[in-house]
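Participant: Below, the features straight out of TrEMBL:
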type     : residues  : note
TRANSMEM : C:28-47   : transmembrane segment
TRANSMEM : C:68-90   : transmembrane segment
TRANSMEM : C:110-132 : transmembrane segment
TRANSMEM : C:139-159 : transmembrane segment
TRANSMEM : C:179-204 : transmembrane segment
TRANSMEM : C:235-254 : transmembrane segment
TRANSMEM : C:266-285 : transmembrane segment
TRANSMEM : C:317-335 : transmembrane segment
DOMAIN   : C:482-566 : domain 'Strictosidine synthase conserved region'
Amino acid sequence: MIGKSMWSAAAAVAILASVAGTVAAGPYDDGQSKKYYETMKGKRVAFVPLSMGFDLTEGWNAALQNQAKALGYTVDVRDPNWNVEAAVQAVNGFIADKPDVLILHPLDQQAYNRLVPKAQKEGIYVVQVNLKSVVNGDAYVGTDWYDMGVRQAQLMAKTCGKAAGKNGKVAIVTGQAATPTVIIGNQGMDDVFAEHPDIKIVAKQSADFDPSKAQAVTSTILKQNPDLCGIIGIWDGQDTGVAAAVREAGMQDQVFFISQGGGNKAAACDNIANGNFDAYFSYDVPGQGRDLNAAVKILLQTKPKPGSAAFALYTPLKLITKDSLTASSCWTLDQLKRDGG
Amino acid sequence: MLRGLNQERIVFTIAVVLFVLFSVLLPGFLSAGNLLSLIQNVSILGILGVAMAIAIIGRGIDLSILSTMPVSAAWLLTLVNGGMPIGLAFVCALGFVIAVGIINGTLIAYVEIPAIFATLAMGIVVYGFGKAFMTPIDAVYTGRGESWFYAIGSGRVLGIPSPVIVFALVAAAAFLFLRTLKPGRFIYGMGDNPLAARVTGIPVRPMIILQYVIISIIALIAGIVMATALAGINTRLALSTMVYDVILVVVLGGIGLAGGKGGIRNVVVGTLLIGILLNGMTIMNLTYTVQSILKSVILLLAIVADTLLNPRDEQTAQHGDI
Amino acid sequence: MAASEAWTRWRYRWIPDKLVGEILSKSWIDTLIPGVILAAVLAFFSLKLPGFLSGSNLGDIAQIYGEYLIIIVGITFVMMAGGIDLTVGSTFAFCNLAALLLINSMEMNLALGIPLIMLIGGAIGLINGLLIGYLGMRAFLTTLVMLIIVRAVVDQGLLDYGQTISRGFNASTAWEFMGVGTVFGVPSSLVVAAAIALVGHVVLTRMRFGWHVMAVGGSRRSAYNAGIRVKRTVCLTYMISGLMTGLAATFYAARLTSAGTDVGKGLEVTMLTAAVLGGISLGGGRGSVIKAMLGAVIVLLVQNSLIRMGLTSGTSSLVLGLILLAAVAIDVRWVKNRHKILARAYVSPTYFRLPPLPETAAGSGSPYALNDRLRGVAAIGLGELDGPEDVIFDRDDNLYCGSRHGDIIRFFAPDHRRSEIFAHIGGHPLGLAFDPQGNLLTCVGGMGLYRVSPSGEVTKLSDETNRSLLSIVDDSRLRLADDLDIAPDGRVFFSEATIRYEMYDWMVDALEGRGNGRIICYDPRTGQSRTVLPNLQLPNGICVEPGGQSLLFAETWGCRITRWHFDGPHKGRREVVIDNLPGYPDNINRASDGTFWCALCGMRSPVFDLALRMPDFRRRMVQKVGRDDWLYPNMNTGCVIKFDAAGTILDVLWDLGGEAHPMITSIREHKGHLYLGGIYNNRVGRYHIPGADPAWTSNASYWGDRS
């Protein structure tokens, strides 16, 4: 007797609960959306950037955090502050914690070679952003650096080449020579300039990603080549130094300066607007943030075996010049934090 | 003849020889424009060198200036970009660097931590504090104001780039301070023999604090020049090895690390040598890495020459003098 | 006895206050600071970070720790010799590059590759060493410039070989093992590092080269004057540092195969921080491998934990900097104030009660009544001598005494006017005794028991005894051997005044009132010394009784004379002969009539006797008052007593006013005269003993007439 009433009570509770459940999940289920939300809820994403505190990583993080908050999962960040050793320790720490997805922004091409397979063996998806290890993860989101070099060189060839009636004298102010950005990008430029014999590289100097060195190097180059036609830069953070030297020499009208970067307003659009930069290839951090979120979502929904189905989402490059500049060409961190990627 | 050669003269001779060589061999080296830009390119190094010289003459060293400089300047820009009037922002930054100087001085004078450690640790602390609480983003850019403030680093006065003028002003002020003012003379006394200075009645501890406050203020000036010259400043500079370059400029000019010797003239000589070297090598289109190798080997040769001409005696060398 | 005094007595008997000072005086106490910091770091982070002490995390840390440890052993050598090596960061990067190129890309054999890479590091160290050691350049500046040069070369190398390296991959198992392999769960790098640390520790503390390194760091000038090849020693330390850095870089290369531009950047600062955190002082001379190990583990744990806590890089820099500051501040303050704390904590008074002071007034009828019989005694060597603690004669009537300058001086018979330095020992000779063969045996303060042959040849007999099990101070070393006598079978019994103080501090021992001294027996048959009577209150004079089976010894601070049977039917028995002297007894020697002479080096005073019953008072005095103002026992006047085997006082000799012999430490009867020595005196006194046997000599009394 007692047993029976217990059973019926339990059944009543169960029915109530299921009714309540359907009420709680009240929004319309198109057959995928409910599953989508449930899959994402409570998942753990880990992010090891080069370093926090600069526009790219802060931007990606803002995009990641926004989606995480909206969908109920977490994104943990550990900041190695430009140090490979610290980064490796941070990644090892994360692998021990077993998150669902690990997003890496590697400092160099080799350091994570052992860590990527190690994480995948633990069942963690590895996404690499903007820079790549030699070993591919499950997804790559970011710039195709070869394409970047090609686009910069093509623009320069068009602007300073014989076709434009210029003398073709071009200088390249590059960064720390060992970074993939520089190595791969330079290869792209070399390949383009090989087809344009009218372009003459008068100087190719590294400024070590340091704007003050860039200024010193550029000012000397300008003194040596008063008839210089164009300069190609490597990163907006360094390129302000190049621009300062050009401005100082009073050659802003003569020298065509192409920069590149993540498209932050203060670093890119402001400099285009005031004439520091003449052209700017942006890899559009909000777009990359969106891609990053997409990669995470795809991996978590399709659930391939880690390492079995790698894919890439190369970022479409956006050329910003004074003519194409609009209010929405660039982004600010505040806006990104508010709106998400 | 050779006996009379000290490091300063050696470096000066090398500088002159290089200057003549470059003038003859490198087209365009001797133009007025190039010479000005030569000095301009090393003026920030020179300003920092003046600060470092004040520390080293007083038998100290300040490894934290390369943190104080970008952090204070970046904070100033952040405040200005946030809408604060430039004057007020400058006062805030000044207060910050004075506080850093006082902490440095207190650690060295009262807690008696060796200067090299106190300032090494303070460099890390200042950078960390700045990044955590003052400017969360590494790179801060100048806004688009029209104030004279933005011309400090990028303008020209009578055709001379303003960083060069700032360098000259800072050097002249430091020269007068060290030569004519009592605290300046005290710094020499303290560097020469701290114990004797103390016995003589010099207020050694307050003087050390004053010394480091002055150094921090010069660092702020250098930071403002750099930020306005490059339209922005990156606090990551604190992690670079630039501080070693600054020490080298000072020591290369002939200011001994043992303290009490040398003056601002030595800083100028050291700075000029570096300037001539860098400029000449850039004209020759040597790569950045080859430039660094050549530059540092020449520095090494200069101090080797000094040691050979003025050897240290096993019996008179100070113990613990590293 | 009042109840409070009884309580004081028990409290000081059972609570071992002296241990605090003894522990503080140990040199390993410096290691306690990093030890405490490490404990604090461990406690803090294991509370803050769950899984901090988990296996996988520790495994990751251990791998890096191995590399750090290898480097810091090299740095320790450099810093101990008074140098500094800032080049390590760049050397590390350079060797990492070389390892990647040679082993990873060109697949060189490890047995060939690793030594080669270490040699590359060693070559960079050698350049530093040549410049700093042989040319005498400043370490800081030179290694700084080398840091920049090597870093520039690394940048150039990355430019030239970066592509080659990033394509290379060495799949050999040995290389894999270096990178990720473990031995019983311990990473390969840590195993190697532990072996290196062990070798480093042994070299530094137990081997000639290590001692030279410490000497150069402790005082470069003295090391040079002592004949140590300073230049070579300094040069070698930099080479060691370079070799070690090369080895560490190889492990790093195997683990990460990373040729980034940031490799090794700031490593020099990390290592310097670790060394100083561990307590290795800048400028040299102070430190150990263990301290370096502790420093390195602290730095590594803090770094790793700050990363794992997910703090922003600014905050973790801030915390790291503050920890560095705090650690250095503690270290600096500790080094500066350590001896002050130690001086206050070391003196540990305890309770001691003497019987009521015997009367000494003239005409009081007391056996100790004052007289003036030593006034106007003849002086030998007046003004030439400095501190003849004891006096003795050979069979040819030549007089021997010690001097503060470390010599034994011989005055020639018959008039003892002409003198020569008989032997130079180096420490202040105190007690003297002749053995049957005519060798002079002496206790040398601070050195031990020595023998001088008739030709003046000096031999060390003993400078150590057995270490007692529970003593914290090292009581195996002889600090203050004082007086001796020789048994018929050749065994030497000698007293050591105190095991807690050096010779120049012997009077501070009086403030403690504890039995800190002992009697030791040196057996010539085995050449070994054993402590036979421990815990005596400054044992001083020793005299073997004519029976040859017992000896009398005086305890200076105990104001008593005791007989101890070392042989015969009563072997081991101890009996007090005189228990309440009016002063502090020093040497005891035989008299011609079968009785004994004893010198009292100072007289008791009621104030000090009372102070001995008040240990708290003495402790406060030591802690609050300057050393010169402490209350000491009176040493300004003394006397000579004569007593028989039963302890009856037979005679007393005073020098009122203390003009010639204010403080007498020894007496020797020889052919009808009594010769007086004093440790602070400038002469030997000669007193004619009325009615004494004019032919009696001590030598004959001990060893019979010359046959």
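Backbone N, Cα and C atoms are what each Cβ position is placed from, and that goes for glycine too.
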Participant: Is it the case that the transmembrane segment (C:28-47) and the transmembrane segment (C:266-285) touch, counting contact as three or more CB pairs under 8 Å in which the residues of each pair are 6 or more positions apart?
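Facilitator: By the criterion, they touch.
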Participant: Report the DSSP secondary-structure composition of the domain 'Strictosidine synthase conserved region' (C:482-566) as helix, strand and coil residue counts.
Facilitator: 9 helix, 44 strand, 32 coil
Participant: Counting Cβ pairs closer than 8 Å, which of C:68-90, C:139-159, C:179-204, C:235-254, C:266-285 has the most of them with the transmembrane segment (C:110-132)?
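Facilitator: Going through each listed stretch, the top one turns out to be C:235-254.
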Participant: Does the transmembrane segment (C:139-159) come close to the transmembrane segment (C:179-204), meaning at least 3 CB pairs under 8 Å for residues 6 or more apart?
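Facilitator: Per Cβ check, the transmembrane segment (C:179-204) does not touch the transmembrane segment (C:139-159).
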Participant: Given the transmembrane segment (C:266-285), which of the listed stretches C:68-90, C:139-159, C:235-254 has the most Cβ pairs that are under 8 Å apart from it?
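Facilitator: The stretch I would name here is C:68-90.
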Participant: Looking only at the domain 'Strictosidine synthase conserved region' (C:482-566), report the model's average pLDDT.
Facilitator: 92
Participant: Cβ under 8 Å to the transmembrane segment (C:235-254), counting only same-chain residues 6 or more beyond its ends: which ones?
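Facilitator: Here the qualifying positions are 66-68, 70-71, 73-75, 77-78, 80-81, 83, 85, 87-88, 91-96, 98-100, 103-104, 113-114, 117-126, 128-130, 132-134, 175-176, 178-179, 188-189, 192, 196, 209, 213, 263-264.
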